Amino acid sequence: MAPNLRKSHPLLKMVNNSLIDLPTPSNISAWWNFGSLLGICLATQILTGLLLAAHYTADTTLAFSSVAHTCRNVQHGWLIRNLHANGASFFFICIYLHIGRGLYYGSYLYKETWNTGVILLLTLMATAFVGYVLPWGQMSFWGATVITNLFSAVPYIGQTLVEWAWGGFSVDNPTLTRFFTLHFLLPFMIMGLTLIHLTFLHESGSNNPLGIVSNCDKIPFHPYFSLKDILGFMLMLLPLMTLALFSPNLLGDPENFPPANPLVTPPYIKPEWYFLFAYAILRSIPNKLGGVLALAASVLILFLAPLLHKSKQRTMTFRPLSQLLFWTLTANLLILTWVGSQPVEHPFMIIGQLASLTYFTILLVLFPITGALENKMLNY
């Protein structure tokens, strides 16, 4: 009998072991769909990004016009641009839900998979930031100025660091050129990191909603979860297309419609919605260095999740106290996102400071204490 090519061919064998014959826990819920949705987001962003890059000119005098030209004169250029801009929003929606799932179900106990995931998040944030600068609108220019300026808070080498990043004494042509280079390069880095992320995941196998070893009850990935993933793709691509076709500027900032003008400061400077929670944490501390450290800590704190797990149970499925904390944290992040979009005045300042304090308190103090308390309660 001839050998099955799918199982014997060196390349097809890898695909088979990752996507077809992969043993998967039978009880994973729709929360496990977001990994594959992130894969689709990445593929969509790279495809639309390549098509946009073909018509883009990384020069301060031409960047804005080249984007306008793409939207007006290139076949379906408007659609490609709208899909790319709104695809970024969907990318972040999926990654935040994916991280939330990981925190709720204790997936962070697969330390290597979790750590590569956090590195992926940081890379994605960097990619989105440099990408936002490329259309060279007002908010692109001033956003780049404000955020790169944060590096000047680094003691001793800060100012040198900023000028090195800018390629001059202000955000100008060299900055735009290098940001375009980075925006082109980073998605391919994300692809590489994704493969590492999956390699680590397939070493241990997927977690499941009960958080128990499921080796005795696994089913092949195909056709069960491949079909479930395709349903997920359709359910995500439908709202993405709806947003891109009917309301493409809903999530954008109207301040980015005028071309960049270094002589006119916009009335407010704020990032895209997916960075607002971190921006609110940055603004809540009146000291520049303190704000930058809090901003960095707001994301880097995820690296500590495995160390702060004190419960004997892996998931929060049967831990009502931890569940209450988790949903409080979720509400807290939504409050931070809202505060980040508001002007720096009373009462938003104090709300932002309280929400920032709550964010760190829940993650660093209350989660471990609650885990230990629930262990005690199990003994009674």
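Keep in mind that glycine also has a Cβ here, set from the backbone N, Cα and C atoms.
It should be emphasised that the depicted structure is a prediction, and the values quoted were computed from it without experimental measurement.
Annotated features, as they stand in Swiss-Prot:
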type	residues	note
BINDING	His84, His183	heme b b562 binding site
BINDING	His98, His197	heme b b566 binding site
BINDING	His202	ubiquinone binding site
TRANSMEM	34-54	transmembrane segment
TRANSMEM	78-99	transmembrane segment
TRANSMEM	114-134	transmembrane segment
TRANSMEM	179-199	transmembrane segment
TRANSMEM	227-247	transmembrane segment
TRANSMEM	289-309	transmembrane segment
TRANSMEM	321-341	transmembrane segment
TRANSMEM	348-368	transmembrane segment
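Between the transmembrane segment (321-341) and the transmembrane segment (348-368) there are 3 or more Cβ pairs closer than 8 Å, counting only residues 6 or more apart in sequence, so the two stretches are in contact.
A Cα-Cα distance of 17 Å separates His202 (ubiquinone binding site) from His98 (heme b b566 binding site).
As a quick check, the transmembrane segment (289-309) and the transmembrane segment (114-134) clear the bar of 3 or more Cβ pairs under 8 A, pairs 6 or more apart, so the two touch. Among the recorded stretches 34-54, 114-134, 179-199, 227-247, 348-368, the one sharing the largest number of Cβ pairs closer than 8 Å with the transmembrane segment (78-99) is 34-54. Rounded to the nearest whole angstrom, the C-alpha distance between His98 (heme b b566 binding site) and His183 (heme b b562 binding site) is 23. Each of 34-54, 114-134, 227-247 was scored by its Cβ pairs under 8 Å to the transmembrane segment (179-199), and the highest score goes to 114-134.
Sequence-distant contacts of the transmembrane segment (227-247) (same chain, at least 6 residues past either end, Cβ-Cβ under 8 Å): 30, 33, 36-37, 40-41, 44, 79, 82-83, 86-87, 89-90, 94.
Here the Cβ of His84 (heme b b562 binding site) has 20 other Cβ atoms within 10 Å, regardless of which shown protein chain they belong to. Note: the CA-CA distance between His84 (heme b b562 binding site) and His197 (heme b b566 binding site) rounds to 24 Å. For His197 (heme b b566 binding site), the number of other Cβ atoms no farther than 10 Å from its own Cβ, over all displayed protein chains, is 21. Cβ packing within 10 Å was compared across the binding-site residues His98, His202, and the lowest neighbour count falls to His202. His183 (heme b b562 binding site) sits 21 Å from His197 (heme b b566 binding site), taking the C-alpha atoms as the reference points. His202 (ubiquinone binding site) falls within a helical segment according to DSSP.
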